[in-house]
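See below for the structure under consideration.
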């Protein structure tokens, strides 16, 4: 295959950046990873994603593609090989639905826990996270049918959409003392999480939990420190 | 096609998310049974097919439920061949999807924020929506429709602007759709409303206005009985 010019603008700690990296790894596509420096945005990023100015951005032959799940679908469509989305329209729709759910409902609930202004709001956010995991456990049971991943024998779209959050989920567990991936509640997901994290295409891009904890503590200190004069 | 395909759409007449699914079905010439839901008293079928969000639209194809309007539109495009809704080229598809989600999060949610805001917050929310319209105005440059010469994915995703944005402006007492500031969007609205399948499938403005006046009055919640 002719070498495509493939670059990915991202950062090590971002779960969204992990998504296209896993997708590219699954397709066996070589790419240049352009790490953004924390606290500043490169000219290239601002030029490639003027609307959101956010990572990840995939640059394929110089053309920018933005928004992590849109990038994953693009990678699936632009390169042959491992299929990330299922082949039939109904299961594709199911996968896309859960991708939206994870991004629009579940992950905001997770990040909302630490940001909750009241105990009541915090409790609600925690309940939503657990409810979401319960839904996803059912999805895994139904679609997996005894298989290790949402995508069956191999990693698919829902695996990528959910799995990229495992680093921060584990970091949140360490910081809060609360266990979200609980074997007594969601045994299939616990098993899945281990297999996903150990997968060839994932392990090299999954950030270490301890490093994320350190990062979160640094962020907290930075944003709660009195403003410098 | 016909006999062995069972296509049902659970919807609510005033919902723009439901209309865009109908537009997609019409673009493909798919026959379907429309089931009007009373959102204050949701049917057990709706709740059974969409236990997660309990919302319309829900497309039921041969008994299998498809949820979320943007997901449903892609499903329709992939299931019924002919007259493609999304572009064929992967880069253009990514671009169409990008603008669709941009419009959903910045514009649609932005107008909802205006509905709920007051005073300074409302002014800020209006400015945000204007900024979003500027970006879309730019995206329409040199084109009759977002899809080119004829309507495509982005047109039906943004189609709510052609009626519901104006309705929202009247209900929440603000103005963003300025023909001088946004000449391309203004003419796009006119062209869009002239497309036969849209003309024949859009709710009456007065009824929609009344609906959203009441909706706002009752605090945006349709209480579930």
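Backbone N, Cα and C define each Cβ position, glycine as well.
Per TrEMBL, domain 'GST N-terminal' is recorded for A:4-83. Among the features that TrEMBL reports, domain 'GST C-terminal' is placed at A:88-228.
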Secondary structure of the domain 'GST N-terminal' (A:4-83) by DSSP, residue by residue, totals 30 helix, 17 strand, 33 coil
DSSP composition of the domain 'GST C-terminal' (A:88-228), residue counts helix/strand/coil, works out to 103 helix, 2 strand, 36 coil
Note the mean pLDDT of the domain 'GST C-terminal' (A:88-228), expressed as a whole number. 91
